[in-house]
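These notes are about the structure you will find just below.
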Amino acid sequence: MEHFIAGLPKLELHLHIEGTLEPELMFALAARNGLTLPWPDVGAVRAAYEFDNLQSFLDLYYLGASVLIHEQDFFDLTFAYLKRCAADKVVHVEIFFDPQTHTARGIPFEVVLGGIERALQAGEESFGISWRLIMSFLRHLSEEAAFATLAEAEPHLARLHGVGLDSGELGNPPTKFAGVFARARALGLPVVCHAGEEGPAAYIWQAINELQVRRIDHGVRCVDDPELLRYLADTRLPLTVCPLSNVRLKVFEDMGQHNVLTLLEKGLCITINSDDPAYFGGYLGANFEALARDLGASREQLCRLSLNAVEASWLSLADKARLTRDIRAHGACHDALPG
Ligand code: HPA
Ligand code: ZN
């Protein structure tokens, strides 16, 4: 199974680049930038990664991101992630960045975007990994702040492929951002939204009806609403599910309780993603392995999850056809799919 997963072409559609900051790089960047971290060493940082819920993680995630100052820091962060992708046979990524986490500290938008984009281009050249870049608003901040960020992004719109919404979900429903998402759509940007991670199924409906999302990020609480389940199965509106993240943030007690395969078998367009792999104990390959090990996912189901990600991606039809063929060929070669 490990060999099968290692060779399966995979796509990542829910990944916060700031969440790929490994403690080793965090310390290296802190030293390079003359900053002091509140932990003595890498081991102490890892020991602090015990989370009770989303907010307890976000507190550390924003603290960690404070070592990112220069364009080269954002490049190094992103390129390190793409190296891990190449090792995991990830062939396409659609990643989030949180500009407000950086502009609030006085880091120019252009520095953040420039470093990430340069690394994505270098990763495409070195590893053949294609990519899209999604600017995400922080939902614990105001809609006004999101409007200001969108205005700052406007000169760079051709370099952005979509808009998302992340950070603390409870008490910050999608409707709070209906105006700025309408503006983003009017500018031609497709939109996605974290919903139904800790928040209720009603937030998923809001993301669909009021934000007009192309995908739901997480969305696992859809299981509480039979009508929503039917809607998601009928429309194939994709869910970017993050199994290791959900267990680490106690959305599910353990992997054995995760509903991802149940949702897959109901016909939803479920995809598998790593969210913030440096904090949650595994990149995309590890998420696939956890499904096989703890949920008994079959090779056929893992192929289907990868094919769903092709369907859910923002790739061209030609690229989708090529990746579909590659995944089917891998499945057939391992008797997971008909040849
Ligand atoms: N949920 C909400 N906000 C986030 C996450 C997440 O999983 N990761 C980074 N920001
Ligand atoms: Zn996320």
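Just so you know, glycine gets a Cβ as well, placed from its N, Cα and C.
Using a 10 Å Cβ-Cβ cutoff, E197 (active site, proton donor) registers 24 neighbours. For E197, the entry in TrEMBL reads active site, proton donor.
Marked as Zn(2+) binding site by TrEMBL: H14, H16, H194, D275. In sequence order, Y61, I95, F96, F97, D98, S136, D166, D275, D276 constitute the residues six or more apart from H16 (Zn(2+) binding site) in its chain with CB-CB distances below 8 Å.
Taken from TrEMBL, the feature substrate binding site covers D276. There are 25 other Cβ atoms within 10 Å of the Cβ belonging to D276 (substrate binding site).
For 9-327, the entry in TrEMBL reads domain 'Adenosine deaminase'. Across the residues of the domain 'Adenosine deaminase' (9-327), the predicted structure has a mean pLDDT of 98.
Around H218 (site 'Important for catalytic activity'), taking its Cβ as the centre, 29 other Cβ atoms fall within 10 Å, counting all chains. What TrEMBL lists as site 'Important for catalytic activity' is H218.
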Nonlocal residues around H14 (Zn(2+) binding site), in sequence order (Cβ under 8 Å, 6 or more apart): F96, D217, H218, T240, V241, C242, T271, N273, S274, D275
Please classify the secondary structure at D275 (Zn(2+) binding site) using three-state DSSP. strand
List the residues in the vicinity of the Zn(2+) site, defined as same-chain residues other than H14, H16, H194, D275 with C-beta within 8 angstroms of the site's C-beta centre. L15, G19, F96, D166, D217, H218, T240, C242, S245, N273, D276
Among E197, H218, D275, D276, which recorded positions lie by ligand 2, judged by Cβ under 6 Å to any atom? D275
Any of the binding-site residues H14, H16, H194, D275 with a C-beta atom under 6 A from ligand 1? Give them in order, or none. H16, H194, D275
